[in-house]
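Engineer: Before we start, here is the structure in question, set down as structure tokens.
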């Protein structure tokens, strides 16, 4: 018996600690599934030994105490939580308990809703005006967050309609949509601020800011799902009709609410939502099932911490705890170096997970991760599993530091990480096996060396059969080798050899673009070719000389220098120089012109409908313009076609003049 008491006390201590981390500090250390498991274990032990149940046991209350920093609010009607079921068998047991208590065998109608993964709040309206908002807290006492909630545009400050009660307390969930969460984290990374592990943490942290001006900048929203206090008014006697009444008053209600009669319909709804979950745009962790008839709800009543007439049918956990055995580094098709954690296999969201992405060196540093750590791994929908946190209290003494490599693990080339960029990259773009297919596809593309007939499928076969390892090998191919490829007859093979022969005569600008140097597009390649005129001159240039070229800043200059100084790339370029040639670039002589484009750096963006992009470039260049591929402070003018995107946005941000295609045509004619 003593060991049982000790086990119960240990569980209570752990649960209280994690309740405080989750509800008070907004810094959960374990996944919800682990907390649920511990709570269920404690419930089972207390059920077996009811004499050991105490009033302060975590099983006897809803949550944790509120922060002292906020004014405390006592809920006139307690905000209870829900009991959970985790599989169909457990749900059917809940359904049977409801039927048994009501003494009926007839199918019951349930209102089924999404179980939102955010922060539960209470909104008190008096005479239609929002007068107070509070967190759930421990279910009896919460925190006054009125100033913060007033900043959430989805929440009306005043209800509208003729039948608004004198006092009504609406309950619901404040949450952060996925798109807003990603944007918030991206901005935080850029500014070196706090990055949130998931949207729930972001919503909780945003809602409980002491400065409402910070909350106002956060992309929070709200759905209501129930009522607490009701005084001086009436509501329908059906839960779903209550939700429709809230909607009529101007409160947001989820569209994914459905009446289901009988357990088969409820389970079908659960399965459908589970299937649709990844595309909702916000996090949910299950379906809430409530008896729809309010009279039956009153008849069923409550247990200590939850209603008997409702349950949360939870999805398989998207987060679990496991251990990092090793960290390896993978090279992507663009040369990006990604650290990958090798994990003790664990089942997450119904799938065995043994690997998880760590993204980059900054993420490892943010997590404070070491090899041997116990970690929280998350898998949501089709998203690649990722480590979202370290359980520091379980860190063993023999953990090892993770060391980022300085050479590519695939080809041994130097790894570069340009200041201001999170991703480290292999510089051996012409040589690295991991980048081989993409480098070759780019090299033969229409705007590069333009090898007619050399499509992606052919490149893939050439690499898979090990006929080609780098761009120089393309010019050693024979018709005999090519005829061994799928759907490649003798005539097609001869045509491809002829196309390769033709591609040997190109321009310096096309050649530079074909090399696939990071962030060197067509316009930048043309500017480099015009400025340096020969490959030797370009190779001899230092960072400052490179930066003197239009369209080349510090970052692009470093990419060019690192690429050309990499030993493996140098060998491939030397081989290419033996077979590929180009005339010396002609300096563009521009007659003195009164054209408004003369001497201006111009950027084209979006789709042009009157001229092709190449025609527009040629016309602009002939009038003395420098056509650039990116917008910077040096840009004088942006010409925006249809569906212009980020370049237009950046131009507007920098205050650069923008004209449309029609205005460009008019100015070209002057």
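Each residue, glycine too, has its Cβ placed from N, Cα and C.
What you see is a predicted model, and the numbers here were worked out from it, not measured in a lab.
The NAD(+) binding site annotation in Swiss-Prot covers 32, 33, 34, 35, 36, 81, 82, 113, 136, 173, 290, 314. As annotated by Swiss-Prot, active site, N6-AMP-lysine intermediate applies to 115. Swiss-Prot lists 408, 411, 426, 432 with the feature Zn(2+) binding site, giving sequence analysis as the kind of evidence. The feature domain 'BRCT' is assigned by Swiss-Prot to 592-670.
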Engineer: Grab the pLDDT values for the domain 'BRCT' (592-670) and give me their mean, rounded.
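Structural biologist: Per the prediction, mean pLDDT sits at 82 for the domain 'BRCT' (592-670).
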Engineer: If we check Cα distances from residue 411 (Zn(2+) binding site), which of the binding-site residues 34, 36, 290 wins as closest?
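Structural biologist: Considering only the listed binding-site residues, the nearest one is 34.
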Engineer: Given that the record lists 32, 33, 34, 35, 36, 81, 82, 113, 136, 173, 290, 314 as binding NAD(+), what is the largest C-alpha to C-alpha distance among them, in Å?
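Structural biologist: Max Cα-Cα spread across the NAD(+) binders: 25 Å.
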Engineer: Please list, for the domain 'BRCT' (592-670), how many residues fall into helix, strand and coil according to DSSP.
Structural biologist: 27 helix, 18 strand, 34 coil
Engineer: Give the sequence-ordered set of same-chain residues, not counting 408, 411, 426, 432, with Cβ within 8 Å of the centre of the Cβ atoms defining the Zn(2+) site.
Structural biologist: 331, 335, 409, 410, 412, 413, 427, 428, 431, 433, 434, 435, 568
Engineer: Out of 115, 408, 426, 432, point to the one nearest residue 136 (NAD(+) binding site) in space (Cα versus Cα); all of them are recorded positions in the record.
Structural biologist: 115
Engineer: In whole Å, how far does the CA atom of residue 432 (Zn(2+) binding site) lie from that of residue 32 (NAD(+) binding site)?
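Structural biologist: Residue 32 (NAD(+) binding site) has its Cα 43 Å from the Cα of residue 432 (Zn(2+) binding site).
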Engineer: Can you count the other CB atoms that lie within 10 A of the CB of residue 34 (NAD(+) binding site)?
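Structural biologist: So the Cβ neighbour count for residue 34 (NAD(+) binding site) comes to 19.
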Engineer: What residues, ordered by sequence, lie under 8 A Cβ-to-Cβ from residue 290 (NAD(+) binding site) and sit at least six positions away in the same chain?
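Structural biologist: 110, 111, 112, 113, 239, 297, 309, 310 - these are the non-local Cβ neighbours of residue 290 (NAD(+) binding site), listed in sequence order.
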Engineer: Work out how many Å separate residue 36 (NAD(+) binding site) and residue 408 (Zn(2+) binding site) at their Cα atoms, rounded off.
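Structural biologist: Between the alpha carbons of residue 36 (NAD(+) binding site) and residue 408 (Zn(2+) binding site) there are 43 Å.
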Engineer: Among the recorded positions listed here, 115, 136, whose Cβ has the fewest other Cβ atoms inside 10 Å?
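Structural biologist: Counting other Cβ atoms within 10 Å of each of the recorded positions 115, 136, the minimum falls on 115.
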Engineer: In sequence order, which residues at least six apart in the same chain have a CB under 8 Å from the CB of residue 408 (Zn(2+) binding site)?
Structural biologist: 331, 335, 337, 414, 415, 426, 427, 428, 432, 434
Engineer: Highest Cβ count within 10 Å among the binding-site residues 32, 36: which residue is it?
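Structural biologist: Ranked by Cβ atoms within 10 Å, first place goes to 32.
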Engineer: Where does residue 36 (NAD(+) binding site) sit by DSSP, helix, strand or coil?
Structural biologist: helix
Engineer: Tell me the Cβ contacts of residue 82 (NAD(+) binding site) under 8 Å, same chain only and six or more apart in sequence, or just say none.
Structural biologist: 288, 306, 307, 310, 311, 312
